[in-house]
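Student: Would you mind keeping the following structure in view while I ask a few things?
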Amino acid sequence: MQGSARRRPFPAAAPGSPPPSGLLYPGRHGTVKADDTFKTSPFHLDLWFYFTLQNWVLDFGRPIAMIILPLEWFPLNKPSAGDYFHMAYNVITPFLLLKLIERSPKTLPRSVVYVSIIIFVMGASIHLVGDSVNHRLIFSGYQHHLSVRENPIIRNLKPETLIDSFELLYYYDEYLGHSMWYIPFFLILFIYFTGCFRPAAQQGRVPLAALLLVGPSSLYYWYLVTEGQIFILYIFTFFAMTALVLQQRRKGLRPDSNGLFLLLSFGLTLLLIALWVGWLWNDKTLRKKYPGVIYIPEPWAFYTLHMSNLHAAAAEL
């Protein structure tokens, strides 16, 4: 009875033979599928649609909601509607990125993904606080096309050490927050892209749904790059993706529909940035705020410089 109760051991595999199909074995970054090489992956319409929609509503739409909604609903000493949008973004975006990584046909380094998500949430949270205060300053006359010390409402503060505090706030918002937010964001997209390859014989056409989402996705990335002032990070990621495509072609591999969607979105984004810079190339005021070789004005700086005056004149009429 004791012998029959014991579990029967699995038969020993022959030396050099692969493990049974679907068997999991411990890898360097956790559990790795043994047969995950070159799996075909359909276009993730649901995830890409939700990802694009929430980017537009919760990221691009948050400052618009703050300006449009009545100030009486959200006093200046309380969180604005845009702040609640930002809070939702800080929760939904990491969740969608993790779901995207889960659907990768290739097992990706989990430790790098988890650390990137943690840094992403921390950076986006830092940006939430700094951006909330900076956008609230618009109601007091703060002008985004000017530097902190050049703003009329800031340079007359007493004592002058208060100006240093506002510059620290600007640093957390525009530099530290953006770096900790966007570097992990693009890193996760690139890590996912590395798994979006399959043999050239299996390559199909880009789905119509992907083509329809390329425009809204590219337009959002244009806003992200210009407003976040992260052109170097974006172009480095795009070049790395292009170089990876060229390398994989030598192995007879091509991007799948999800990889092509990312490539097309990033490529169209570069065209939109070029058109934006060409349109504002001779703007002397914006040139003064964005000196140097890389001249990419922020959309909200353009708004406070040109569009806000037109809206004020229209309101008076």
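Cβ coordinates come from backbone N, Cα and C, glycine included.
Whatever TrEMBL says is automated annotation, not expert-curated.
According to TrEMBL:
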{"type": "REGION", "residues": "1-22", "note": "region 'Disordered'"}
{"type": "TRANSMEM", "residues": "47-69", "note": "transmembrane segment"}
{"type": "TRANSMEM", "residues": "81-100", "note": "transmembrane segment"}
{"type": "TRANSMEM", "residues": "112-130", "note": "transmembrane segment"}
{"type": "TRANSMEM", "residues": "175-194", "note": "transmembrane segment"}
{"type": "TRANSMEM", "residues": "206-224", "note": "transmembrane segment"}
{"type": "TRANSMEM", "residues": "230-247", "note": "transmembrane segment"}
{"type": "TRANSMEM", "residues": "259-281", "note": "transmembrane segment"}
Student: Which range wins on Cβ pairs under 8 Å with the transmembrane segment (175-194): 47-69, 81-100, 206-224?
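Tutor: Stretch with the highest Cβ contact count: 81-100.
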Student: Determine which residues of the chain contact the transmembrane segment (47-69) at the Cβ level, with the cut-off under 8 Å and only residues 6 or more beyond its ends counted.
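Tutor: Here the qualifying positions are 80-83, 85-86, 88-89, 92-93, 96, 99-100, 103, 135, 138, 209-210, 213, 216-217, 220, 223-224, 258, 261, 300.
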Student: Are the transmembrane segment (206-224) and the transmembrane segment (259-281) close, by which I mean at least 3 Cβ pairs under 8 Å that are 6+ residues apart in sequence?
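Tutor: In this chain the transmembrane segment (206-224) contacts the transmembrane segment (259-281) - 3 or more Cβ pairs sit under 8 Å.
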Student: Please report, as numbers and ranges, the same-chain residues at least 6 past the borders of the transmembrane segment (259-281) whose CB is under 8 Å from any CB of it.
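Tutor: Tertiary neighbours of the transmembrane segment (259-281) are 43, 48, 189, 193, 196-197, 206, 210-211, 213-215, 217-219, 221-222, 225-226, 231, 234-235, 237-238, 241-242, 245, 295-297, 302.
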